[in-house]
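*Asks:* What follows is a structure written as C-alpha cells; I'll ask about it next.
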C-alpha cells in the first residue's frame with residue numbers, strides 16, 4: 001500500500017431549528033462528537049486525523065513511498081525468498097528494492113516487510129512491479145508478480161517571459177500556477193543562473209531594514225491561483241566585455257521550486273535550462289553609459305557612449321553628428337575614432353544641447369567604417385527631459 005500522511009477528519013454538520021421535531025438533539029450530538037471543534041461545531045473543521053482510505057493523487061516532484069509485505073499463508077516453511085520491486089515508467093525501469101539479498105527462510109504466518117521511496121520525475125502512467133521468488137520444501141522454485149498502476153499528475157504550470165533592457169540586463173518573469181485541488185505553501189522559488197549571469201531576486205521589499213516577501217508572511221498558493229516572480233540577470237564582467245557573448249541564443253538558467261502540501265508533504269521541481277533569443281546588434285553596437293534625466297533648455301549637457309565591435313574584423317570608424325529639429329550636437333563632426341578590433345570597445349564623451357522643451361529623443365549619430373564604406377545610423381538612442389532653466393531653479 002502507498003504510505004501517505006494522514007488528513008484532517010471533517011464532519012458534515014447536521015442541524016435543525018429548535019421548533020423542529022428533533023428539537024435540540026442534532027445540536028447536542030455535534031457538541032458531543034469528539035471530532036468537532038468546541039464552539040465551532042457547525043463549521044466543517046476537525047482536530048482529528050484519519051488514515052488515507054484510497055491511493056490519492058501523486059504529483060510530479062513529490063516522493064512516492066510504498067509499504068510492501070510478503071506473507072506466508074501456508075503451513076510450510078519456504079526458503080530463499082527474494083522480493084524485488086521495480087517502477088516502470090514510459091521511458092525507464094527503476095529498481096526500488098532496499099536490499100537485493102535473498103531471505104534464507106520464511107516460517108508460516110510470518111512476513112517480509114519493505115518500504116521503498118522514489119522521487120517522481122516523470123508524469124504519466126507508472127507501474128509498480130512486485131516480484132517474489134521462493135523455493136518450497138520439495139525443492140520446487142516458485143515465482144509470481146503483482147502490478148500496481150497509478151498516474152503521476154502535473155502540480156504546477158510554469159510560464160516564462162523575457163524582457164531585454166537597453167543595457168545587457170535581462171528581466172525574467174516566471175508565472176507559477178497551482179493546478180492541483182489543494183493549497184500549496186511555496187517554500188522556495190529561486191533562479192539558478194548560468195555561469196554567464198549574476199541574478200538579483202526582485203520579490204522582496206525592505207521594511208525597517210528587514211527583507212520582506214512581496215507576497216506576505218504566509219506564501220500560500222490556492223488552487224488555480226497564479227503568482228508572478230521577477231528576476232534581474234546581469235552578465236558577469238568577464239562575459240559582458242566580450243561582444244560575442246551577447247549575440248544569439250543564450251542560456252539564462254533554471255528555476256528551482258520547492259513547496260509543501262497538506263501536513264508538510266514536500267515537493268520539488270526544477271525546470272529545464274531556460275533560453276532566450278538575445279537581441280541582435282549588428283556589426284557595431286552603440287549603448288549609453290551615462291545621460292542626465294533632466295537638462296536645462298539651450299544649455300549644454302554631457303553624455304557617455306560605448307561603442308563595441310561585434311564583428312569578426314577590425315574596423316576603422318568615423319563619427320558623424322547630425323543635428324535634428326530639437327537636438328544640436330556640440331563638437332566637430334566627421335572625426336576619426338581610429339581602429340577598433342573585434343570584441344573590443346571604446347568610450348566616447350559627447351556634448352549636446354536642446355532648443356525645444358519637453359521629452360526629446362537623442363538622435364543623429366552616424367558611424368562609418370572606412371574599410372567597407374558602410375554607414376551605421378543610430379536614432380532614438382535615449383530620451384531626455386528638457387525644462388526651462390527658470391523652472392529647474394525654482
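In case you wondered, yes, glycine gets a Cβ from its N, Cα and C as well.
Keep in mind that TrEMBL annotations are predicted by a computer and have not been checked by a curator.
When I checked TrEMBL for this same protein, it listed these features:
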- 1-152: domain 'Trafficking protein particle complex subunit 13 N-terminal' (DOMAIN)
- 156-279: domain 'Trafficking protein particle complex subunit 13 middle' (DOMAIN)
- 292-386: domain 'Trafficking protein particle complex subunit 13 C-terminal' (DOMAIN)
*Asks:* What does the DSSP secondary structure composition of the domain 'Trafficking protein particle complex subunit 13 C-terminal' (292-386) look like, as residue counts for helix, strand and coil?
*Replies:* 0 helix, 59 strand, 36 coil
*Asks:* In the domain 'Trafficking protein particle complex subunit 13 middle' (156-279), how many residues does DSSP call helix, how many strand, and how many coil?
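*Replies:* Its residues divide into 8 helix, 76 strand, 40 coil.
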